[in-house]
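So that you can see what the record holds, here are the features copied from TrEMBL:
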- A:37-56: transmembrane segment (TRANSMEM)
- A:92-117: transmembrane segment (TRANSMEM)
- A:123-142: transmembrane segment (TRANSMEM)
- A:163-182: transmembrane segment (TRANSMEM)
- A:188-210: transmembrane segment (TRANSMEM)
- A:217-235: transmembrane segment (TRANSMEM)
- A:241-261: transmembrane segment (TRANSMEM)
Amino acid sequence: MTPLVLVAGDEFQAPGPSIFNFPPLYEGAPAWLTKPVIFAVVGALLVCAFAWSAFAKPQLVPRGMQNIGEKGYEFVRDQVARPFLGKDAERWMPLLMSLFFLILLWNLFGVVPLIQIPIASHIAFPIVFAVVIYALRIYLGIKHQGPIGYFKNMMFPPGLPKPIYLLLSPIEFLSNMIIAPFTHAVRLFANMFAGHMLLAFFSSVGFWFLFERLTPLGSGLGVLGAVMTIAMTGFEMFIEFLQAFLFTLLAAMYIGGALHADH
Amino acid sequence: MTEAAALLAAEGAENPLFPQAYELVVGSFAFLVVFLVVGKILTPRIQKTLAERTEAIEGGIKKAEDAQAEAQRTLEQYRAQLAEARQEAARLREEAREQGAQIKAELREEAQAEARRLVEAAHAQIEADRQQAFAQLQGEIGRLSTELASRIVGESLEDEARQRRIVDRFLEELEGRPEAVR
């Protein structure tokens, strides 16, 4: 079974969610040794290697990789950390840098030829990040606002008429404690999943109608599929960047909210 | 469950919304490695370098500001000196003019005095000459008068003493009308 073209007889069949299932790399390999797992590790090592080449021996006057690395660092610091963490930004930069660049590279794997799998399209990986942020957020909230103060600040924002709290408090609790971590992980997962599906669909249309079953009638559709594949690849790169940015931004926002009651 | 989930189950595929345990482990491991290497080791290094750079730039700016202030001070000093020199020059010029005027006045004074002196000397000379001429004339007139008188009255006036008295009287009369002499 090739992941790109799913043929059932003579009819074109759009790729389904099964394109995200990868068998073990070779016959007799352990079940966990699959393509996404391999590239998750490769991605982590690549991020470390990039960061090492940029920041291992930083110079006052930057050269080469350090320039690029500093641009990345300043992006995370100025666009993510400072708006939400203010003076605490520097302290949380290590976490945010790791998050942003690991997610970004894993996402970009979705458009790299031959790799072509956004790691976060397997929900386990976004869950790891979201759980870490969730745990950190509750720990920091209780540490900085007290166990009662944290939940009180969360559920009972001051300055509202009393009956409102009957409605508001459960919603706030639900939204902060259950929905937020869930959407945090699922937003990243779903974007990568859907984006990859789209790319797979358009590329399989192009492949099927131009190579597998080339007919005068179908060739136009094939060309459209190929053109859309190219356009969607560009769009996907944007979405992959955006989702890495958004995930890190939300992490910074959650941490900032735990450090200081923002209501 | 939905039709899609049923379809997935039929295909023997995992539900994409359920995480694989081994992927959770691999994801945690990957994140931990990246956090330790990128977050714990490398990010502090670049933070330190950026802080140092900020410091260096601020130091450089401080140094430049100091240099500028120094230059400004020197400029002020030069300007003050220049103004002082100008003032000094103006003062000297003024002094010279005053001195010149004074010297001119003195010279004029001196010249006037000299002129006055010359005029006075000339006057004195003239007076002396006049006196001399007058004295000479006195004798001459006396002699001529005597001669004239003797011519007129003859030998009667031969007597010396009388002659003298007559002449003196005559002269006294003359001196009694000074305007006639002048």
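Cβ coordinates are placed from backbone N, Cα and C, and glycine is handled just like the others.
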Segment-segment contact (the transmembrane segment (A:241-261); the transmembrane segment (A:37-56)) at 3 or more Cβ pairs under 8 Å: no
Cβ contacts under 8 Å made by the transmembrane segment (A:217-235) with residues that lie 6+ beyond its boundaries: 111, 195, 198-199, 202-210
Maximum Cβ pairs under 8 Å to the transmembrane segment (A:188-210) - stretch from the list A:37-56, A:92-117, A:123-142, A:163-182: A:92-117
